[in-house]
Amino acid sequence: NSSALSPSFLLASIPGLEASQGWLSLLLCCAYLVAVTGNSSVLVVVRLEPTLHTPMYLLLCMLAATDLALATCTVPRALCSYWLQARDISFGACLLQMFLIHSLSAVESSVLLAMAVDRYVAICHPLRHAAVLTNASTASLGLLAVARAVLFFLPLPLLLLPLPFCGPWGLSHSFCLHQDVMNLACGSTTPSMVYGLTAILLVMGLDALLICLSYSLILRAVLRLAAWQDRLRAFGTCVAHGCVVLAFYVPLIGLSVVHRFGRDLPPMVHVTMGFIYVLMPAVLNPIIYGVRTKQIRRRI
């Protein structure tokens, strides 16, 4: 059977609401437009305002570009499946989308870690901040984040490539994720499963631990300040980044828990968690930084 050699998967619809999914997908489309508008606005504002050409705002641009790419490689294809009933996705396109989703998530995790380090140096070692974090070193961190994401997550589709897929072909989400595609294989998936878990722990897991470490050091330094006004000012510089970290890691953990323990949950839960994972950071991040950052808010 040639389909076993080159399968075609079915993207998930909105379970139980297929008759109304055209209207419900308008909400998804609106969320995507908000994400595109917000992140594009951040990129344009930083590009046009010379005073914002600093490491902090360059990292913010990297975050916005990553969110924009992650939302764009998932939501438009899902909307096509809802509005045009084009649910089929080829094996190669599915593997490419899967690689983009996981690698872009790894880049975003790395950027959040770099932003945490930036806050740590700015608060705990303010006199060394300008020397440690320059525009050149920030650009190098961005390139390193991309290289690490490709290095760790390129093997994911390569490990799935030789596996046989004998059916069923239906995915749990409206886009391709590694564990979702891996569960459809009828061969041994142990190497793919072990490597996928290892890559997640070494990238997102390690980044989360280092972010927690940096904030514990920041908290210790802030509590040593004598004046409450100084403490509140120092905490205020970290509020936006803390909210962005939660907006990324909470959906990531929730989606992982649903994949691991939620096989008996309604399909609607899987679809909803998938869209929260790819869209929540992209929608919330520009709003958070637009509200908290006077320079961006005034320029907009």
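Note that the numbers count up from 1, one per residue, in the order the chain is shown.
Each residue, glycine too, has its Cβ placed from N, Cα and C.
Taken from TrEMBL as is:
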- 38-289: domain 'G-protein coupled receptors family 1 profile' (DOMAIN)
- 23-45: transmembrane segment (TRANSMEM)
- 57-79: transmembrane segment (TRANSMEM)
- 99-118: transmembrane segment (TRANSMEM)
- 130-154: transmembrane segment (TRANSMEM)
- 199-222: transmembrane segment (TRANSMEM)
- 234-257: transmembrane segment (TRANSMEM)
- 269-291: transmembrane segment (TRANSMEM)
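Away from its own ends, the transmembrane segment (57-79) comes close to residues 11, 25, 28-29, 32, 35-36, 38-40, 42-43, 46-47, 89, 97, 100-101, 104-105, 107-108, 111-112, 114-115, 118, 135, 138-139, 141-142, 145, 174-175, 244, 275, 278-279, 281-282, 285-286, 289 of its chain (Cβ-Cβ under 8 Å, at least six residues beyond either end). Summed and averaged per residue, pLDDT over the domain 'G-protein coupled receptors family 1 profile' (38-289) gives 88.
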